[in-house]
Amino acid sequence: MTLYQLGNGKTFYSLTFGCQMNEHDSEVLAGMLNQMGFEKAESENEADLLLINTCAVREKAEQKVLGKIGELKKLKEKNPDMVIAVGGCMVQQEHVANKIHRDFKHVDILFGTNNINRFPSLLEDVITKGKRIKEITQDDSTVFEELPHNRENSIKAWVVISYGCDNYCKYCIVPYVRGQQRSRKIEHIKKEVVQLSKKGYREITLLGQNVNSYGKDLGNENGFEQLLEELEDINGIERIRFMTSHPRDFTEELIYKIRDSEKVCEHIHLPVQAGSNRVLKMMGRGYTRERYLYLVDKIREELPNASITTDLIVGFPGETDEEFQETIDLVKKAQFDSAFTFVYSKRSGTPAAEMEEQVPEKIKKQRIQELIDLQKSISANINQKLEGTVQTVLVEDVSKNDANILTGRTRTDKLVHFPGNKSLVGEFVDVKINHAHSWTIYGELTNF
Ligand code: SAH
Ligand code: SF4
Ligand code: F3S
């Protein structure tokens, strides 16, 4: 029996935790499973193979995964032939992989982020030899190419431009579980995007933990700007997005590039994390609040319609009330369209976990609430300015709750809901905005 027949007549179901990088990896795993003959199951209860792709970025994310794995014991008892595979960032940590291996005997396969390409062979060993497998590799030098994808969406696609991260922000586990930064070659990325355009994709999002340092590991200092230039002329692709940007490496030249490009969208996700210079320094972020606010001003000057979004952490070890108020002040000044707000979470193995003066939970909770309330009112204010305007929207999908409602995004990445026929999915349409709240925007078609 060859590897590629193993899944014939069988189904799989996958559960993905974490960020876009993990969603992308789950699409790759699904692509490999399809090649082996597996089809997607309707639900986890019916699947022959259950795949869990995990995230380690905060303790809560890990607890959620462990809770889920625990629950699966019953499912496996009912269906002993089911194969359960757990991979991703959490498992890449050897001590966590060992713990899962020891405590959850119903898990058949454990694999990390560095050996995702090995998944089909691991699965083959489990199915044909009936053994349990744990394979984690610390070798983080591989730049994956030519892996199959089974993409969830047929209009927009994630395209990885670099794997890993070299920044080692003091609170962050990502460099330890994703390895060193490895940029893909421009020609490989271009080839993938051309293939996507031929399949009818209209939008791509370039993914990397720090897209602004793309290419530096290949000796190319302006790699990201060059890459954008190379992708601009690919017919069929109308929108190019990218994330995540790092304020330390984000340049004025990039702002001009976005300004002068037809396709690169005016949305910049620029995580600031904190508003106090002392905290930024302790975090090892490599910029000051002044530099950050300068970049925001510059973006507003050159790209007046751009949306800017961010990530914020409250309660980094040693953060005082006054320093937290500097974050509040920065948020008021920067006027973000939206922000992901996080309570600092201790990640073992990172330098911040060893820092004294961990901030008590109660204070972290108060701080995050103040921040969420503030951001919510800023987002509502900004979005309300769209009421009465007409926006060009790329229709992405039919709403999950109502088949007569379509969802799509503006170039600035605002999600808009409006009544319409599903034949419009994949088209650009003009939508008049009627109601705009902090998170949701409603409108109606104007050109139909
Ligand atoms: N490479 C991206 C994304 C990293 S993870 C970046 O640099 O922005 C996404 C976000 O999770 C980070 O921006 C940060 O705000 C948050 N985060 C990372 N580690 C964290 C921790 N230990 N506790 C709380 N939030 C954390
Ligand atoms: Fe983590 Fe910093 Fe790398 Fe982002 S840039 S993944 S926050 S270490
Ligand atoms: Fe992403 Fe979580 Fe890993 S945020 S890179 S899935 S630790």
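Backbone N, Cα and C define each Cβ position, glycine as well.
For reference, TrEMBL has these:
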type	residues	note
BINDING	Cys19, Cys55, Cys89	[4Fe-4S] cluster 1 binding site
BINDING	Cys165, Cys169, Cys172	[4Fe-4S] cluster 2 binding site
DOMAIN	10-128	domain 'MTTase N-terminal'
DOMAIN	151-381	domain 'Radical SAM core'
DOMAIN	384-447	domain 'TRAM'
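Long-range Cβ neighbours of Cys172 ([4Fe-4S] cluster 2 binding site) (same chain, at least 6 residues apart, Cβ-Cβ under 8 Å): Val57, Cys165, Arg347, Thr350. The two recorded residues, Cys19 ([4Fe-4S] cluster 1 binding site) and Cys169 ([4Fe-4S] cluster 2 binding site), have Cα atoms 17 Å apart. Listed binding-site residues: Cys19, Cys55, Cys89, Cys169, Cys172. Those with a CB atom under 6 Å from ligand 3: Cys19, Cys55, Cys89.
When the binding-site residues Cys19, Cys55, Cys89, Cys165, Cys169 are compared by the number of other C-beta atoms lying within 10 angstroms of their own C-beta, Cys19 comes out lowest. Using DSSP to sort the residues of the domain 'MTTase N-terminal' (10-128) gives these counts of helix, strand and coil: 66 helix, 23 strand, 30 coil. Candidate binding-site residues: Cys19, Cys55, Cys89, Cys165. Those with a Cβ under 6 Å from ligand 2, in sequence order, are Cys165. Note on the domain 'MTTase N-terminal' (10-128): mean pLDDT across this stretch is 93. Taking CA atoms as the reference points, Cys55 ([4Fe-4S] cluster 1 binding site) and Cys169 ([4Fe-4S] cluster 2 binding site) are 17 Å apart. A distance of 17 Å separates the Cα atom of Cys89 ([4Fe-4S] cluster 1 binding site) from that of Cys169 ([4Fe-4S] cluster 2 binding site). In this structure, Cys172 are the binding-site residues from Cys55, Cys89, Cys169, Cys172 whose C-beta falls under 6 Å of some atom of ligand 1. Taking the mean position of the Cβ atoms of Cys19, Cys55, Cys89 as the [4Fe-4S] cluster 1 site, the remaining same-chain residues with a Cβ inside 8 Å of that point are Phe17, Gly18, Met21, Asn22, Thr54, Ala56, Val57, Ala61, Gly88, Met90, Val174, Val177. Cβ proximity to the [4Fe-4S] cluster 2 site centre (mean Cβ of Cys165, Cys169, Cys172, cutoff 8 Å) flags the following additional same-chain residues: Asn167, Tyr168, Tyr171, Ile173, Val174, Pro175, Gln209.
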